[in-house]
Amino acid sequence: MGNKQTIFTAQHKYLKLFPRLFYRYRDLAPQLVPLDYTNQPDVKLPYELIGSMPELKDNPFRQRIAEVFSEDGEGNMTLDDFLDMFSVLSEMAPRDLKAYYAFKIYDFNNDDFICKSDLEKTLNKLTRNELTEDEVRMVCEKVIDEADLDNDGRLSLEDFQHMIVRAPDFLSTFHIRI
Amino acid sequence: MVFVTCKDTVTGRACCVVLCTTEEQNLVKELVGLSTRDRIRAIRGLSMSFKEKKHIRLVLSHYVSLIIKQYNTNNQVLIQWSCFKLFSQSFRRCGYSIKSARQTLKLWQSIMKEIGGRFGTSVLSYFVFLKWLLMFNIFSFLVNFGFITIPLLVYDPSPNIPPNVSFTGLEMLTGAGYFTYTIMYYGGYSNETLVGLVKYDMKLAYFFTIAVYMVLCGIALIFSMASSFKKNYVLADPTSNSAWQLLSSWDFSITNERAVRQRKNNLRVQIQESLSDKAQRQLLTLSEKLKHLGVYLGFWLLSTSLVVGCGVSIYYLYAANWSLLQEAETLLVPFVVSLMNLVVPLLYSLFNKFEHYSSHRRQIYALVVRNILLKMSILAVLCYYWMNVVAKKFSCWESVVGQALYRLVIVDFLFLMLGSFFGEFLSNVIGTRLIPRLGVPEFDVARNVLELIYAQSLAWIGIYFSPLLPAIQILKLFILFYLKKVSLTQNCQPPRRTARAAQMQTIFIALLFFPFFVGSLSIVAYTAWRLTPSEQCGPFRGLNSTFSVVGVWMDDLHEIPGSQWVIWIYENIIKSEIFYFLMTLIIIDTYIAIENKPFMNCG
């Protein structure tokens, strides 16, 4: 590696939103976020501010999203985390990257597998806890039956990706406009 | 270690990046083997500066995303690649603030965000499609106006109108009368070579502008279709739905609280339905299956006969009506055509309710195919009449055809507005006050998109006969956007079934291209190739066919030295049939190559 200074010319278009995103980040807490980042201030916005953004406040997964993209794993985001979050959730981010982060979002206990309890939590968030316990159990079992390819009773990243490959809408639904 | 600094022009922030050393690479290799929780803990415990830890973390995330993509090995080269990517990403962050000029060209960005937030991605796809068509028309108008109309206006600004014709208000609707002699139609263009700053041959300009525009449209459509297929390359239904429903159907772009609540409700209902379906799945008996098949075939026969009936009646109406050329009566045929386009699809939706389909998707496809058949047959009958009867009957027949198309476009617009009124406003009133069982209507994306496609194909056919028709189309699409947006927000509810938005987008583009664009292109090509241009008006008067303009130009070029290569290209390539065969092969090849390219992600 060493002194490589060649310019990488691939089209990472999902980073084009950078200036607008910076001003959105700053608008959340103008007194905390300086305009001048030359000294690389260590500014972290608490989860409450991030979760109150209009794009996120009604999303049932907003807490998990903030946790996944934040450095400390608790939802408090620096500017870089904020940019990463909206880059991955923009329409230009590639499918594999989105699948990777979606997997992490649904993996509530951070054990790199989506197990039955993760699925139950997901289902409850998506249906306002209105399904009966039996129904929840049946749906989760069905999902694991269908998607679990290596038969270990839980979904690994490969199983999840395999399922996403068969759902072409995923790219357009896993997308937040800002 | 190498430090690179650059300065971001917006924030003034200096981006400072460190490329990896071997120790860092080994560390990354170790960390990648741990689970996420352990990884976070391990990084926290490292004795490094905050900046270095952050660097390691970012390298790790790039590396992991590379592993999951295609390579399953824990590779030294990949770690170095991740480090390099991090460097390039920071570099680009600095430079990209300039590129944000593209933001200013985003028309209607906030409205689309609002619609997507309240109604979801599938309804939004209609508005995205409308905006895309608007861009096509803006491009077409600029090209036509710039290359054909402006030279003529500069040379001869006043139209030569006979003395007894004056402007009455009715021209806006019928396109005839005063407009016949203006630059609105083919007849208003001269066939001379304008001598000004340069020698500008109007014949060649007209021919090449339209030819190049159609070719560019075709290429743009092919590429959109290819990229759309590439993104959504799975067209088949997955065999079961629940895993998909649960994990990948939640629309993250919905931002309205009520919409979110409704979505959750719908999802719950769908899940409960699918659970109960499993519990009591009835097998249909043979007689029931036969009955369903019989009903299905019966309705197909009925729809086909409706289409044939419409076609025949339009033909005879046109034939009978042509003797009455008084202005108001020329509106009769477009009125009837648009009425059929409004009523018959509603009848098809009614048929749909009586038929029994195995899946929701098949229902939509059947409806779409029937509507396409209807619209294509109507267009085919009209074009047949224009090419065979009008072309032989009138002295300036291209202008006459142009006027007919103008009328069709205008009346179609009026009926689209009416359709919005009936389709959405009245349904809302009926659904909420009169028959509450029906409920608030949903926005019918498929029907609306087909109407847009039909309108666009009218514009494409009309380009040859009326070069300024795209201007009308631009106005029409612009007003339609706001109209549909208001109608949607006032009258409709978000869709109950989570429709497959991505596949619908692909299908819309494919529908636009294959039947409608290719059809319009063939008609224009047939006109240019086979039909004799009119003797008294237009840029191609006196020639045997429009295409012979190129032959005449080639003859002229013989005298100019240094242009031998152009003549060679013409003689050996354009005139030979092998060229077109090769072109078709190349297009198909490129298409397949784009589709099969391994999924090269930038991650």
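Any Cβ shown, glycine's included, is placed from N, Cα and C.
Here is what TrEMBL says about this protein:
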- B:396-502: domain 'TMC' (DOMAIN)
- B:132-153: transmembrane segment (TRANSMEM)
- B:165-184: transmembrane segment (TRANSMEM)
- B:204-226: transmembrane segment (TRANSMEM)
- B:293-318: transmembrane segment (TRANSMEM)
- B:330-351: transmembrane segment (TRANSMEM)
- B:363-387: transmembrane segment (TRANSMEM)
- B:408-430: transmembrane segment (TRANSMEM)
- B:458-483: transmembrane segment (TRANSMEM)
- B:504-529: transmembrane segment (TRANSMEM)
Check your understanding: the transmembrane segment (B:293-318) vs the transmembrane segment (B:330-351): three or more C-beta pairs under 8 Å (separation of 6 or more)?
Key -> yes
Exercise for review: Could you tell me whether the transmembrane segment (B:330-351) and the transmembrane segment (B:458-483) are in contact, taking contact to mean 3+ Cβ pairs under 8 Å with a sequence separation of 6 or more?
Suggested key: no
Check your understanding: Does the transmembrane segment (B:504-529) come near the transmembrane segment (B:330-351), with 3+ Cβ pairs under 8 Å (pairs 6 or more apart)?
Key -> no
Point to revise | Same-chain residue ranges lying at least 6 outside the transmembrane segment (B:132-153) that approach it to Cβ under 8 Å | key: 183, 188-190, 194, 196, 200, 202, 205-206, 209-210, 212-213, 216-217, 220, 224, 452, 456, 459, 463, 467-468, 470-471, 473-474, 477-478, 481
Check your understanding: Who are the long-range neighbours of the transmembrane segment (B:165-184) in its own chain, taking Cβ under 8 Å and residues 6 or more past its ends?
Key -> 149, 152-153, 159, 327-328, 330-331, 399, 402-403, 406-407, 410, 466-468
